[in-house]
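Take a look at the structure set out below.
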């Protein structure tokens, strides 16, 4: 058996089969990647430039866009490079870096989505208390806490995963260095580590999702007592869309990481990973931004200001 160390590395089988259908899927993923990069980068710049969006809600949104931009950029470029070059190898160090940023950003995004749901809950259910409950200090604490907790969790998992002995095939049946896929190559019993994965997934994914569901439940109850029919329709539409996108992120993630390894298959894991690594970063700026009148108004102001400078 071959002992994998820092000088060898791994091979990623990838997401697309070597066929015409695979090429079509590859082009689709690249287009989604470009949309995600453009949408999230535009949101970050717009929130930074327009002073009307300098509020806790949009500051949280800018952090979500930054996480999504980093998230998808950590995975798709390497996957595309491997597909185009035919070289499926990834060095041990690069695999570790990719795994660290994936876990850190995944945990941080789960917490920032919960923070955004709490922000909307307070704004709708306790509008008079909003300046106190969601002050700039509280907003900064939520953002800092999300980044720190995601990074600490990732550091612990990455250090462990890259210090266990890998002595089977170096081929990872995945399109990026995701720890559950890597553990199938280990030549030791990893049940203790799998238990820690279960615990951290519960803390950073399941509990925040329950918090989001409860927050939106209270929001929908408050909307139900509104007098305006048009306001109800708009609010229900917004909440249902937000919940759909949040579910797109949390559900596949939790389903992948909470199942025992014996019940997982590589094909299913790769299909589920597409939802939380590629589709969600593309959908978030559309749902949270382009459907928002304040964001569209800010975009018009920035365009008009830019055009007046050019003239």
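Keep in mind that glycine also has a Cβ here, set from the backbone N, Cα and C atoms.
Those TrEMBL annotations? Automatic predictions, nothing curated.
Annotated range for transmembrane segment in TrEMBL, selecting from 171-190, 271-290: 271-290. Which of 235-251, 252-268 counts as transmembrane segment depends on TrEMBL, and there it is 235-251. By number of Cβ pairs under 8 Å, the transmembrane segment (138-163) is matched best by 97-118 from the list 21-49, 97-118, 235-251, 271-290. Residues 15, 29, 32-33, 35-36, 39-40, 42-43, 61, 64-65, 68-69, 71-72, 75-76, 102, 106, 116, 174-176, 178, 241-242, 245, 248-249, 251-253, 255-256, 296 of the same chain lie 6+ residues outside the transmembrane segment (271-290) yet bring a C-beta within less than 8 angstroms of a C-beta in it. Most Cβ pairs under 8 A with the transmembrane segment (199-223) among the ranges 21-49, 97-118, 235-251 are made by 97-118.
Within its own chain, the transmembrane segment (21-49) has Cβ neighbours under 8 Å at 15, 58-59, 61-62, 65-66, 68-69, 72-73, 76-77, 79-80, 83, 278-279, 281-282, 284-286, 289-290, 295, 298-299, 302, counting only residues six or more beyond its boundaries.
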